[in-house]
Amino acid sequence: MPLFFLFLGFYVVTVVGNLGLITLIGLNSHLHIPMYFFLLNLSFIDFSYSTTLTPKMLMGFVSKRNIISYAGCMTQFFFFCFFVFSESYILSAMAYDRYVAICKPLLYTVTMSPQVCLLLLLGVYVMGFAGAMAHTACMVRLTFCSKNLVNHYMCDILPLLERSCTSTYVNELVVFVVVGIDIGVPTVTIFISYALILSSILRIHSTKGRSKAFSTCSSHIIAVSLFFGSGAFMYLKPSSLLPMNQGKVSSLFYTIVVPMLNPLIYSLRNKDVKVALKKTLRKKPFS
């Protein structure tokens, strides 16, 4: 029960924070710019991501038989992969947006036009869907045994592969290729964008201009560090160094804590969001 109420609290904060940020951006016209367009989609992904995993985990804390059907497990696995890959690409799209805003401010409105933003967003979800389909298609071809006990609170790649009676060579190859593309490409994009941003900031002579540029990127840098850092700690360590029980604790961070922290990071460190929140709260309802 203590764990149930702890993670219920996390989930409530996640839902209120992300849906609140989505509503705030939707209601305030001065936030209808590319930066907040991508932030709205990040909040949607975080909300959906958490909803895919947390309610089932909460049921496991209070139910006497903690079970999930095969179809339910594969469905959860698909959406888990879809939102993980989509989040990595939306973070890279946000990094590109910051690069254009700081390094090419005069061309910003042309470069980040509504059509370009929609194409970037389409690319985010297409790549997320393709990665999820590749993993799920390879997973459903396996035969599972070993008492069908998944040593995890969710249907993740590594725990499911451990339960397979058949060869997992193809799955491991797909993991290597798909993760290399869907995590490697966004990571390289983010690093290149921030290398160019840093180079541009260092050429700014005024201290005020530098601090403004850094503050524009600080929230995104924190979100990227939390998401990719916790994910790398879970998946890039050999299993001998990170047993499954410790892996569950590590994966809790990027599946439960990160979606909860993202709206707090962007709201508490962003003046525009604070101003929009004050304006929204001051509005009088219709009589």
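Just so it is clear, glycine is given a Cβ too, placed from its N, Cα and C backbone atoms.
All annotation found in TrEMBL is predicted automatically rather than curated by experts.
Copied over from TrEMBL, here are the features:
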- 17-266: domain 'G-protein coupled receptors family 1 profile' (DOMAIN)
- 6-27: transmembrane segment (TRANSMEM)
- 34-55: transmembrane segment (TRANSMEM)
- 67-85: transmembrane segment (TRANSMEM)
- 106-127: transmembrane segment (TRANSMEM)
- 173-201: transmembrane segment (TRANSMEM)
- 213-236: transmembrane segment (TRANSMEM)
- 251-268: transmembrane segment (TRANSMEM)
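Listed by sequence, the residues of this chain that lie at least six past the ends of the transmembrane segment (173-201) yet keep a Cβ under 8 A from its Cβ atoms are 85, 88-89, 91-92, 95-96, 98-99, 102-103, 127-128, 131, 134-135, 138, 157, 210, 213-214, 217, 221, 224, 228, 231, 235. Simply put, out of 6-27, 34-55, 67-85, 106-127, 6-27 has the most Cβ pairs sitting under 8 Å from the transmembrane segment (251-268).
With Cβ pairs under 8 Å as the measure, the transmembrane segment (106-127) is packed most heavily against 34-55, out of 6-27, 34-55, 67-85. Among residues of the same chain six or more beyond the transmembrane segment (34-55), those with a C-beta under 8 A of the stretch's C-beta atoms are 7, 10-11, 14-15, 17-19, 21-22, 25-26, 76, 79-80, 83-84, 86-87, 90-91, 93-94, 97-98, 101, 112, 117, 120-121, 124, 153-154, 223, 255-256, 258-260, 262-263, 266, 272.
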